[in-house]
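Asks: Pasting a structure below so you can have a look.
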Amino acid sequence: RRTKRFASLSRFVETLVVADDKMAAFHGAGLKHYLLTVMAAAAKAFKHPSIRNPVNLVVTRLVILGSGQEVPQVGPSAAQTLRSFCTWQKGLNPPNDSDPDHFDTAILFTRQDLCGVSTCDALGMAGVGTVCDPARSCAIVEDDGLQSAFTAAHELGHVFNMLHDNSKPCANLNGQGSSSRHVMAPVMAHVDPEEPWSPCSARFITDFLDNGYGHCLLDKPEAPLHLPVTFPGKDYDADRQCQLTFGPDSSHCPQLPPPCAALWCFGHLNGHAMCQTKHSPWADGTPCGPAQACMGGRCLHVDQLKDFNIPQAGGWGPWGPWGDCSRTCGGGVQFSSRDCTKPVPRNGGKYCEGRRTPFRSCNTKNCPHGSALTFREEQCAAYNHRTDLFKSFPGPMDWVPRYTGVAPRDQCKLTCQARALGYYYVLEPRVADGTPCSPDSSSVCVQGRCIHAGCDRIIGSKKKFDKCMVCGGNGSSCSKQSGSFKKFRYGYSDVVTIPAGRTHILVRQQGGSGLKSIYLALKLADGSYALNGEYTLMPSSTDVVLPGAVSLRYSGRTAASETLSGHGPLAQPLTLQVLVAGNPQNVRLRYSFFVPRPVPSTPRPPPQNWLQRRAEILEILRKRTWAGRK
């Protein structure tokens, strides 16, 4: 299903909520209401405008595991538990997205103490960027009270491709000192109610959805479970919140001020009675004084709580100015944007929908002929002197673009190959905006997506190259030249040298029987080989990149009919050769390309004053004739 690019669209995360037998034993008859209360708080976090997307977390199924059922294996290892749960939930999920029982993601709540590699401080685990992958869109959460809502939101944030706020990619986006107060903090204590999601989290989920990875979230569920709308503190007082966090013998420590900011609970630790905290605030709605209740970690008068009950939908602000062009020549991209700030949505109100980031082409003129490298080559070459990338590589590398074997969905990643070693790596998750998607394509990369553009480098243009590689031409400026070759001898033989400027090259080997014995080869003007030289053959299909960023598609030596094809135009002469390694029978090589027609010389136009000059000459001739008659 095609969706609008760079648009804010309502997403519905249909969620399967599962609780294991330890949850059932701890919570008893109140388990279902507790789980829905936790999910309501998690859904509220996803409705906050700081995430900058309309994300609706809905519960479509709730399963409580019991004895006698085939259940996932839940144990101390968080990684093993996650793997087991992901496998189990996939078998429970109907594959058809329109099925009412289908879900987009699954989350397991357990009272099992989960452990990571070195410590048992883990509160959950999930894969990153897996939301529409039925086998991996899953998460596990260790229940430790109502604050588990933020653990659930945190793990689902990973499912939406969010990283921890202290990660390197988030450093520039978040700024200094802001990595500990958001949902995606590596260790959560108090989440800022005014901005639960960091700028990095908002950027990552936006890019993730803009790149089409949330396609399964566009359908609205028919009959989701109703989540509680009352503040959780009304159903679970401070004592009960302590019991949910520290165990049934715990109670609230009322003597520790200030109220609401952090929940302190009485209990026993290592045999000593003491007050302890996990630094989470009291749940919203918890009574904190006469006619007072907590909200966002503050103790407010109950009349003020009404302001938090009324949803306010957001509205788009004005369009901003067009930004800088991503390129100075050769076809760049520039953006404008608008924000959902007129007004900002509040209290779970609807986030703005519609296009938020339009873009257009800019600086489409050709780059100077002195530019030795293509735009993608420049981006790869920027890593040539980086010695910190791979410890096993001795010194600087000569990085060049890699096209062969790169899937179409990965065309806009900066995949580069170390020329000397042949290894290739994704050096950047996306190329610069305006980079051609491939050597023979007019389409360009925009924010990591391949966007259609015409041969005039205008995004959305329908102009195409003709056979002569004239943009918008009618094919009249060139003519087809064809030939064949069948005088084969052992070793390499020249077939034809194709001059520079030729377009739409096609070479095809035809006929033959028995074992394959001849192969195509390409030799450059400097004598080096671009394909199948030095008796080394390319077995599979590949893009042969020639000087000037011209690409020819080679079928591979194992193809039944060996072919070479490409649009051109060639920047340098190219010699087509055949390598004969056996006794070819009934084999013929055919080739064709298009040659520019000679431009007819334009007759010299008469001078602008030719009528006056003609009159003057006629007058001179008339006078001479008259004088001759005298």
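Note that the numbers count up from 1, one per residue, in the order the chain is shown.
Glycine is treated like the rest: Cβ placed from N, Cα and C.
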Asks: What residue among Cys216, Cys242, Cys253 is stated in Swiss-Prot to be the disulfide partner of Cys132?
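Replies: Cross-referencing Swiss-Prot, the cysteine bonded to Cys132 turns out to be Cys216.
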Asks: Quick test of reading the record: Swiss-Prot lists a disulfide for Cys265. Which of Cys242, Cys288, Cys294 is on the other end?
Replies: Cys242
Asks: Determine which residues of the same chain, besides His154, His158, His164, have their CB within 8 A of the center of the CB atoms at the recorded Zn(2+) site, and list them by sequence.
Replies: Ala126, Glu155, Gly157, Met162, Leu163, Val183, Met184, Pro186
Asks: Check Cys275 (disulfide bond) against DSSP and tell me helix, strand or coil, would you?
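Replies: Looking at the DSSP assignment, Cys275 (disulfide bond) belongs to a strand.
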Asks: Should any of the disulfide-bonded residues Cys242, Cys265, Cys340, Cys367 have a Cα within 10 Å of the Cα of Cys253 (disulfide bond), which are they?
Replies: Cys242, Cys265
Asks: Of the binding-site residues His154, His158, His164, which one has its Cα closest to the Cα of Cys275 (disulfide bond)?
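Replies: The smallest Cα gap between Cys275 (disulfide bond) and any of the binding-site residues is with His154.
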Asks: How far is it from Cys288 (disulfide bond) to His164 (Zn(2+) binding site), counting Cα to Cα, in Å?
Replies: 33
Asks: Per-residue pLDDT averaged over the region 'Spacer' (479-630) comes to what?
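Replies: Across the residues of the region 'Spacer' (479-630) the model's pLDDT averages 83 on the 0 to 100 scale.
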Asks: Could you break down the residues of the domain 'TSP type-1' (313-368) into DSSP helix, strand and coil, giving a count for each?
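Replies: Its residues divide into 0 helix, 11 strand, 45 coil.
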